[in-house]
Amino acid sequence: MTSRANATSPFKTVALVGRYSAANIAAPLLELASCIAARGHDIVFERETALNIGVQDYPALPPDEMARHADVAVVLGGDGTLLGIGRHLAGASVPVIGVNHGRLGFMTDIPFEDVHNVLPDMLAGQYEAETRSLLQAQVVRDDETIFSALAFNDVVVNRSGFSGMVELAVSVDGFFMYNQRSDGLIVSTPTGSTAYALSAGGPILHPALSGLVLVPIAPHALSNRPIVIPHDAEVVIQVTSGRDASVNFDMQSLTSLLPGDRIVVRRSERTVRLLHPVGYNYYATLRKKLHWHEYPTEDNRL
C-alpha cells in the first residue's frame, strides 16, 4: 500500500546507481551527484557504476557495503537497473528512488528532466512510499538445490531456442494443478505483472495486492489460462520433457535444465521499499506508460 511520509529528517547519505552500459550516462549521473551534494547530502556511488564512468570525486562501494552505509539509493536508468539493485537491497532498510533514463520506466517513474524539481523534497523527507514483494526460487535436481536466486519481477521457465515445446508439471501447495505443453511459464509478482507477464496475456496486479500470477507462454491447449494465486502459495514446476530448457530470475539465467528438475518458487520474506514524489498515483502511471488515454490517428500513430 502506498503511504505518504510526514516531514522527517533528511536522508544524510545518498547512494547513486546508474545504468552504466548506456551511452552518455556519465554526465547526467555526475550532474545528479552535484545537485544532491549541493544540498548537504553525502554521496556514495555503487562501485561498478563508479568504475565504468570514471568517478573519482566520490567514494564507491559494492552493493552489500552500500546497503550498510547509505540511507537511500537513487537509481538513474531503466527498470532493469532498479531490478538489479533492488535485489541487492532487499531486506535492508535502504529505500529506492527511481529516475528514468531508460525506455518505459514503470518503477523508475521520475523523468530526468523533472529530477531537480522533485528530488530535493524527497530527500528532505516528503515522499510517497510503498513496499514491493519479491520471489525466492530454487532449482532442485536429485533432491539437491543447485541454484537459488531472488526475483523482483518474475521467474520464467523457457523452452530452448533450438527445440520444440517444453512439458511442465505444475503444483501449488502440494496439489497437482496441470501438465502443460508450451513455450514456458511465468511466475510473476504484482510488480512483474506489467512486464513479460503482461505481454504474454496476463492480468495487471496492483502492487498492493498480495498475490502471484501464473502465465503460460504460448500454451498448446487454449484452456491453459493465467491464474492469480495467494501470495503465500508455493509453486513447483517440474520439467517432464524438453531439451535445454532454461529458467530466468529477472535477468539471472540458468540454462540446460534436465527432465526431472524442479523449480520451487515462493514469496520471499525480503521486500523493497520504493519512494515516489508526493502525489504519485499508480493508475496515472499505467495510463501514461500504456497510453490508455490515447487513440490512433488516421496515420495509425498514437
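Each position is counted from 1, following the chain as shown.
A Cβ is built for glycine as well, from the same backbone N, Cα and C atoms used for every other residue.
Among the features that Swiss-Prot reports, active site, proton acceptor is placed at Asp79. The feature NAD(+) binding site is assigned by Swiss-Prot to Asp79, Gly80, Asn153, Asp154, Arg181, Asp183, Thr194, Ala195, Tyr196, Ala197, Leu198, Ser199, Ala218, Gln252.
On the backbone, the CA of Asp79 (active site, proton acceptor) and the CA of Asn153 (NAD(+) binding site) stand 10 Å apart. According to DSSP, Leu198 (NAD(+) binding site) is assigned to a helical segment. The binding-site residues considered are Leu198, Ala218; of these, Ala218 has the fewest other C-beta atoms within 10 angstroms of its C-beta.
In sequence order, Phe106, Ile204, Leu286, Lys289 are the residues of the chain that are 6 or more apart from Thr194 (NAD(+) binding site) and have a CB within less than 8 Å of its CB. In the three-state DSSP classification, the residue listed as 'active site, proton acceptor' falls within a helix. Cβ-based neighbour count (10 Å, all protein chains) for Tyr196 (NAD(+) binding site) stands at 19.
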